[in-house]
Amino acid sequence: MSNQIKLLVGLANPGLEYKRTRHNAGAWVVEELARVHNVSMREESKFFGLTGRIQSNGDDLRLLIPTTFMNLSGKGIAAMAKFYQIKPEEILVAHDELDLPPGVAKFKKGGGHGGHNGLRDTISKLANTKEFYRLRIGIGHPGHKDKVAGFVLGKAPTKEQELIDAAVDESTRCLDILLKDGLSKAQNRLHTFKAE
């Protein structure tokens, strides 16, 4: 799968009040990758978000953090994919994942939205295809589905945040492996990682 990913998206809600909430974990991956590669993200209205570009092995990796609310994330993703002629299977969407504990992150191809409104809208705007890749950043689960909305829009306690940040850092390193050596090598490394 070497160099197949052409667009990396970090799902988030816009605005300072949401910046450090669990729901924005996907955006933290893109921000960290941009920082490591010394890339400035800039607002681009035609893509409804912050964009950047990294070159790896002569190939472009486009970066996008939608600045629409989470449930409208697909709008910018679809616009960017259409403009740069990027297929769904060349897209990797980083997002917060309730079903993984803090300190864990996993790659996945395809699948449903699992109740995640950002994924739901992405699937919808990509003509109902689910064949894009995901980078699932574990945030843990509040224990009851009625508590999920408040949980994802809340900030993690310090210890949990440190675990999430460690998983984001490792995910960023694994994205470099993915771009150079393909998914299986990146997966092998990331899927054995667990922050303590």
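Including glycine, each Cβ sits where the backbone N, Cα and C put it.
Annotated features, as they stand in Swiss-Prot:
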- Asn13: site 'Discriminates between blocked and unblocked aminoacyl-tRNA' (SITE)
- Tyr18, Phe69, Asn71, Asn117: tRNA binding site (BINDING)
- His23: active site, proton acceptor (ACT_SITE)
- Asp96: site 'Stabilizes the basic form of H active site to accept a proton' (SITE)
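Apart from Tyr18, Phe69, Asn71, Asn117, the residues listed for tRNA, the same chain places the Cβ atoms of Asn13, His23, Thr68, Met70, Leu72, Ser73, Gly118 within 8 Å of the centroid of those Cβ atoms. Cα-Cα distances to Phe69 (tRNA binding site) place Asn13 within 10 Å, out of the recorded positions Asn13, His23, Asp96.
Cα to Cα, Asn71 (tRNA binding site) and Asn13 (site 'Discriminates between blocked and unblocked aminoacyl-tRNA') are separated by 9 Å.
The recorded positions listed here (His23, Asp96, Asn117) include His23 as those with a Cα within 10 A of the Cα of Asn13 (site 'Discriminates between blocked and unblocked aminoacyl-tRNA').
Distance between Cα atoms for His23 (active site, proton acceptor) and Asp96 (site 'Stabilizes the basic form of H active site to accept a proton'): 6 Å, as a whole number.
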